[in-house]
Amino acid sequence: MRPHRIFVAINLPDTVKQELLEYKNKWPEIPARWAGKENLHLTLAFLGNTSDEELREVVGLLQEVGDRHSPFELKIIHLQYGPDAKNPRMIWAIGEKPPKLLKLQKDIEHTLAAENLYTPEARPFSPHLTLARFHVTQFRQMEPEERPEIAQEISFSFPVETIELMESKLKRSGAEYTILQSFVLEK
């Protein structure tokens, strides 16, 4: 069987997704592929290619993680070019880093890494949503003064009551995401 391309994420309420995607209308001149509403999420851990057997193990471990954490409020506070302002490839919506989010993300990392199901990233966790991916060549051809200034404070908050195990399927039209299972934060 073909491996699954897996990650753990927080999904947003549809109302927040819709409001974030309204920024697409604000910057029509940016040569970018904007995320579909169904694809907006905040990644907590990207596991990559995972076998069916490993997937079953991940499900059990994430159930335990969910049992150890309680719901919390998450705020999306800033828009910016990402991952690097000097050489941008995307538009990001940045989230705050409440202690409960950081503890949850670290617990997921440590729990899965302890079973050799995840390799923690070298860079520190930065909660963000990818709103758009640039057509890089076209974006770089824009003169710096033609590029809109997108950095701005925003304020969207929502309750985080579950985490999702998701699968990513790469297609010509872009990645397609499917929720495989949700885990309630119920401490």
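From the backbone N, Cα and C atoms, a Cβ is placed for every residue, glycine too.
Automatic, uncurated: that is what TrEMBL annotation is.
Since the structure is predicted, the reported quantities are computational estimates derived from the model, not experimental observations.
Positions annotated as motif 'HXTX 1' by TrEMBL: 41-44. The active site, proton donor feature in TrEMBL is assigned to His41. For 128-131, the entry in TrEMBL reads motif 'HXTX 2'. Annotation source TrEMBL lists active site, proton acceptor at His128.
Cα separation, the residue listed as 'active site, proton donor' to the residue listed as 'active site, proton acceptor', rounded: 8 Å. Per-residue pLDDT, averaged across the motif 'HXTX 1' (41-44), gives 97. Counting every protein chain shown, the number of other Cβ atoms lying within 10 Å of the Cβ of the residue listed as 'active site, proton acceptor' is 18. Taking all protein chains in view, 20 other C-beta atoms sit within 10 angstroms of the C-beta of the residue listed as 'active site, proton donor'.
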